[in-house]
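K.L.:
Found this in TrEMBL, in case it helps:
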- Cys79: active site, proton donor (ACT_SITE)
- Cys79: active site (ACT_SITE)
- Cys220: active site, proton acceptor (ACT_SITE)
- Asn17, Gln50, Asn70, Gly80, Asn81, Asn160, Asn193, Glu211, Arg212, Gly221, Thr222: substrate binding site (BINDING)
Amino acid sequence: MTDINGLPFLKMHGLGNDFVVLDVRDSGFALTSDRARAIADRRTGIGCDQVVVIEPARSNLSDAWMSLWNADGSETAACGNATRCVAWLLMQAAGIDRVVIETKAGLLDAESRGGRMVAVDMGPARLDWRELPLAKAVDTLNLGIGLGALQNPVGVSMGNPHAVFFVDDVAAIDLAVLGPVLEHHDIFPERANIEAAQVLGPDRIRMRVWERGTGITSACGTGACATLVAAARRGLTGRKADVVLDGGALTIEWLPDDHVLMTGPVALVAEGRLDSSLLS
Ligand SMILES: N[C@H](CCC[C@H](N)C(=O)O)C(=O)O
């Protein structure tokens, strides 16, 4: 199916990181970069940070495939908040409390924690420069780049690239100015998500994020995972902490097997149908 007309969508968010969710398992509708941009436009489209597409499972290891598109039309392999939303939808529809979602970043195992709380094993933190990826061999614990108040981040991939900068006061960081420049730094051949993090205690971190391909968002699940791993690697926190974002807190734990467990809420705010004029 190529016609966007009448295609149902759900409007969801995780701590204000908002999504248009398309379940195309029956229609076969194919999203493109242009269509994603049109849907995500907050004036002429539905408006969202990412467009999330539920597709038929591609193996017997998962219940569904999920593809993810930023507001600028770029595709990303990982999105923690969207993963919780899709997992909740699938569990609600099937009356089950566990589901496996497959993405370009691998298999994601999700479980209901009751109500609208969902826990997701976001897979292993990738710490090698090649996995981020970076343009050259660099110790990911100290990338050695910087701009203004943001200096010397930790590089972590959760299937998507993150640069975590630790600062004394997150509120003083002009992320709208520094974020886009650092997102496009030459060391990141695929760009990067930019996090400014302030450690509040051994199990609490305040973080704000400039997302690759989207800009400042209220929350970023993979960014929260990357921030906890970065803090633990630097010895600033333990391996479990609440990461407090603009939209609320996620509980993140870096497990002994290097997988990262993310727990947080989901919200379903509306449903509707797309109109073909969206693409005009
Ligand atoms: N909001 C998402 C992250 C999107 C990452 C995307 N901006 C990228 O290009 O990697 C989350 O909850 O993890």
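Just so you know, glycine gets a Cβ as well, placed from its N, Cα and C.
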K.L.:
Which residues in the same chain, at least 6 apart in sequence, have a Cβ under 8 Å from the Cβ of Cys79 (active site, proton donor)?
P.N.:
Gln50, Val52, Leu68, Asn160, Gly221, Thr222
K.L.:
So the record assigns Asn17, Gln50, Asn70, Gly80, Asn81, Asn160, Asn193, Glu211, Arg212, Gly221, Thr222 to substrate. If I measure every Cα pair among those residues, what is the longest distance in angstrom, as a whole number?
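P.N.:
Result: 16 Å between the two most distant Cα atoms.
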K.L.:
Among all chains shown, work out which of the binding-site residues Asn17, Asn70, Asn81, Asn193, Thr222 has the most CB atoms within 10 A of its CB.
P.N.:
Asn81
K.L.:
Just to verify a number: CA distance, Asn193 (substrate binding site) to Cys220 (active site, proton acceptor), in angstrom, no decimals.
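P.N.:
Given the Cα positions, Asn193 (substrate binding site) is 9 Å from Cys220 (active site, proton acceptor).
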K.L.:
In terms of DSSP three-state secondary structure, what is the assignment for Asn193 (substrate binding site)?
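P.N.:
Note: Asn193 (substrate binding site) is in a strand by DSSP.
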